[in-house]
Amino acid sequence: MSTRATRRGKKTTLDGVLETEGSTVTSTRETTPVGGDGPIANRTRRGSAASTTLSDLIGSPSRRAASEPPSDVPVRHSLAGSRASTRQSSVTPSISSRGGSVEPGLDEDEELEEEEEATELVDADINSITTTFEFMGPHGTALAVLGVPVVTLALQLLCDPVKGCPSSNFYESPLAYFTDRISHATFFKLEAVAAIFGWMIFQALLYGYLPGTYIQGVPLPTGERLTYKINAFGCMIATYIAAYAVFSVKGLGPFLWVADNTLPLAVAATIYAIIQSVLLYVLSHRIPPHGQILLAKGGNSGYPIYDFWMGRELNPRLWGWFDLKYFCELRPGLVGWSVLNVCLACRQWVNLGGTLTPGMVMVVLFEGYYVIDAQWNEPAILTTMDITTDGFGFMLTFGDLVWVPFNYSLQALYLSRNPESLSSAAVAGICLLQLFGIYIFRSANSEKNLFRTNPDDPAVQHLEYIQTKRGSRLLVSGWWGLARHINYFGDWLMSLSWCLTTGCSSPIPYFYCIYFAILLIHREIRDEHKCRNKYGEDWEEYCRRVKWRIVPYIW
Ligand SMILES: NC(=O)C1=CN([C@@H]2O[C@H](COP(=O)(O)OP(=O)(O)OC[C@H]3O[C@@H](n4cnc5c(N)ncnc54)[C@H](OP(=O)(O)O)[C@@H]3O)[C@@H](O)[C@H]2O)C=CC1
Ligand SMILES: CC(C)=CCC[C@@H](C)[C@H]1CC=C2C3=C(CC[C@@]21C)[C@@]1(C)CC[C@H](O)C(C)(C)[C@@H]1CC3
């Protein structure tokens, strides 16, 4: 197996396995979790069980592998001789396709600080046991694993193409409504399975074969940095060129087929997501001959269902370069969402005899802009907790590949069948809300990115900040002086403006902004927890200076 040198004298094999100098790390650490979900006992780092019952899956951790050393005997890495080479082989400046050098979210101080942190972690243990539960522990995640596909399919069923979204008999008897819809709906179509698998392969080929630039991510707990290919924007353009080619040859037919088959497509995408996440979970237990797989801090509890949801492996890669989590986060699902919107607009166009409502135009443009913004700012994804912290489990796999394209396109699905008319004042109000949201979202995110990558830039030089003992700086003026997650506020305002395009006749398209408020509040709590642990009293000082969490003067 080929290898490439990394920092600290370690090597990483091209399938992402970590090797230390001369030894495989086999330490374990056993602790008791907080949060009232019961003790985590008899768990191992590898946490695999020879046979597993359903109650094992949900309620109890995996059994200890016989060959594991006792929990109180941590095996330490030897770093002797590796630190000097680490400094020398410091990070190659990364090149951005849109000019300038990009180190996602890191200044030099931070880099050193991250290196110190990495040293501590490597000295102690790389794959420590997860001791704090999120999502209400194994029971909560079991519910989530079943719940998120059910919610997604229920939302598709609620939008009846003929009778409305939802039809009036839903309010009379929801149970009878669903029984009727389930017995009449077509859930499974082979063509839909072929379309989803074909789409994944097409996006993977674009990722692999279209040219791009390469940048390094933030340091892993081992100190190593992975290299990522930046070409999402080009892949999206190529996708739309391909779609235009299909249109030139086949007309609107294929696009209308997609619009009319969102339910079987969502089922097919769910099948794909289940297969991928089961494979990821199973393969995260592989024991390579030399070294170990780097696991996510939050996905290694030993409870199979919990780890399946959270994701065990931090950076699953194929052939050393094809980063599955990074690929799924921005490409098939997000671009799929915008393509789905276009297909649904085609359906409305045909239904209305060659015209589109202002609501549909706004949805396609606003949500399309959001997708383009994400692709254009691709390097920024490398500092999000999804990439740096979370493992790649069912939560992100299903979230990226099913939840985003099918639930985020509910406004367009609704409008394709219910072309609501909006007054000019409503259109103007929605546009202003969207612009206000974009303004906050983009300027806050860009301000932080610029400040973290180039603090001497005139646009951010004047901003006040707290110099933390950890080395990094926390902004306390500008956007980040208004609220600790002001970017979430901008993002949510945009989500509200998208939902408002559907008028007031149905609650279904409002699912997005309601769910999104819950996601952002939960995410803010997770991030707050992370930062409090990381920065200690500096974070307390930051909270004293910036009082509001997301919405200034409200929350
Ligand atoms: N559409 C969707 O479904 C979703 C969209 N999003 C969007 O993704 C974007 C990224 O979100 P997310 O990754 O959660 O986090 P943020 O971009 O808000 O980044 C949070 C991190 O920034 C650093 N930080 C916090 N406060 C400061 C400060 N005052 N000055 C400098 N740095 C600071 C901390 O990292 P450090 O440890 O480096 O100090 C913290 O962990 C957001 O705009 C969000 O709205 C997110 C989830 C879902
Ligand atoms: C209920 C369930 C399965 C939730 C999973 C959560 C995911 C849907 C979201 C977690 C973080 C996300 C991000 C984006 C999309 C939604 C998920 C995957 C994102 C790619 C959207 C576009 C933005 O510009 C973004 C790149 C900042 C963002 C990153 C986080």
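Note: Cβ is positioned from N, Cα and C throughout, glycine not excepted.
Just so it is clear, the model here is predicted, and its values are computed rather than measured.
Here's what TrEMBL has on this protein:
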- 1-11: compositional bias 'Basic residues' (COMPBIAS)
- 21-31: compositional bias 'Polar residues' (COMPBIAS)
- 60-70: compositional bias 'Low complexity' (COMPBIAS)
- 83-99: compositional bias 'Polar residues' (COMPBIAS)
- 105-120: compositional bias 'Acidic residues' (COMPBIAS)
- 1-120: region 'Disordered' (REGION)
- 192-210: transmembrane segment (TRANSMEM)
- 230-257: transmembrane segment (TRANSMEM)
- 263-283: transmembrane segment (TRANSMEM)
- 349-372: transmembrane segment (TRANSMEM)
- 392-410: transmembrane segment (TRANSMEM)
- 422-441: transmembrane segment (TRANSMEM)
- 495-521: transmembrane segment (TRANSMEM)
Under an 8 Å Cβ to Cβ limit, what residues of the same chain, 6 or more beyond the ends of the transmembrane segment (263-283), are close to it? 149, 152-153, 156-157, 185-189, 191-193, 195-197, 200, 304, 307-308, 311-313, 316, 324, 392-394, 397-398, 401-402, 405-406
Counting Cβ pairs closer than 8 Å, which of 192-210, 422-441, 495-521 has the most of them with the transmembrane segment (349-372)? 495-521
Where, among 192-210, 230-257, 422-441, 495-521, do we find the most CB pairs under 8 A to the transmembrane segment (392-410)? 495-521
Near the transmembrane segment (422-441), which residues from the same chain, at least 6 beyond its ends, have a CB less than 8 A from one of its CBs? 357-359, 362, 366, 369, 373, 479, 486-487, 489-498, 500-501, 503
